[in-house]
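Undergrad: The transmembrane segment annotation in TrEMBL covers 15-34, 46-70, 82-103, 115-135, 173-192, 204-228, 240-259, 279-304, 338-360.
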């Protein structure tokens, strides 16, 4: 998936956003079908095939969807639009959580989900490629303020590769690389955390509540990132500091809870004493993930110096996310204790904080994004499209 993410800018440059998005959605339905057959019949080979197919297509999807959400809205509304994007994405999680809870609300024990849960997911994800065809091409978009979406011209593949390499060589990319490795690193641990300690219906409830909590928290955060009364540099710095303090405090809380669970392994249902202490922790971890996810994309939008760099930055950032999640999943698949996995996440958070801040503190001072820079340079094509 890391390799396919890196190919995102190549595919988008060659075929455009719409076709790239269609290609990116194909693998998901195969993966869901593989989960269904494994859950019901114990089929193993399909899991490997579905995972590989999903990895190849999802990398392109990851790069393309992010580039769309950074390119289409006005710069001053980008924080809110990123939050809307997560809301749309989480509407699937909310629907999935409702379906999950409906099929598993009687599951008071730990164990696997009802196989019927996966059938609904297969049907819904089969609609994805067709839905992607309805995406409006960027050159036909008119924003609410009357401006156009900046569109990068198609260039030869070799030139696109050189441009991608130039992004990889940028100092700011190396400084934020640990951040994007961290963003999805925690997901395998977070997913593994609930299974041994909480009942099936408690986990189903968690998937629903966490999706709703992510939507609310990112909407509030997005409004702050777009708050015009506070200058851009302060929004970038204050938002980053708040987010990182919250994450650090949550990892400290998690260390205490995970240590207790490792000594005395519980089997908790939602009406058991002590349920909320560990269950709420999962909700906060999911909130933290969504905040780092959206803030990272918002940060990238200001680093790009031309429209084409937006999808290139997105491609390499999503490749780093995929690599981080793959490495973390590999570690999680071993017999490594959950407390050790938590410690790795906590340590990686500590590694990320300072280097990323070196870039964050220059937003609005050195980094203005492609539309503002185009205006400063006097680019004719940019002047027409910029307020």
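Placement of Cβ uses the backbone N, Cα and C atoms for every residue, glycine included.
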Undergrad: I need to check the long-range neighbours of the transmembrane segment (15-34): which residues 6 or more away from its ends have a CB within less than 8 Å of a CB in the stretch?
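TA: Residues 8, 43, 46-47, 49-51, 53-65, 67-68, 118, 121-122, 125-126, 128-129, 131-133, 135, 137-138 contact the transmembrane segment (15-34) from elsewhere in the chain.
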Undergrad: Given the cut-off of 8 Å on Cβ pairs that are 6 or more apart in sequence, determine whether the transmembrane segment (240-259) and the transmembrane segment (115-135) share at least 3 such pairs.
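TA: The transmembrane segment (115-135) and the transmembrane segment (240-259): touching, no.
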Undergrad: Applying the under-8 angstroms CB criterion, which one of 46-70, 173-192, 204-228, 279-304 scores highest with the transmembrane segment (338-360)?
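TA: Between the candidates 46-70, 173-192, 204-228, 279-304, the best contact partner of the transmembrane segment (338-360) is 173-192.
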Undergrad: Below 8 angstroms Cβ to Cβ, which residues of this chain, lying six or more residues outside the transmembrane segment (173-192), approach it?
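TA: Distant Cβ neighbours of the transmembrane segment (173-192) are 167, 282, 285-286, 288-289, 292-293, 296, 299, 303, 313, 316-318, 320-325, 327-329, 331-332, 338, 341-342, 344-345, 348-349, 351-352, 355-356, 358-359.
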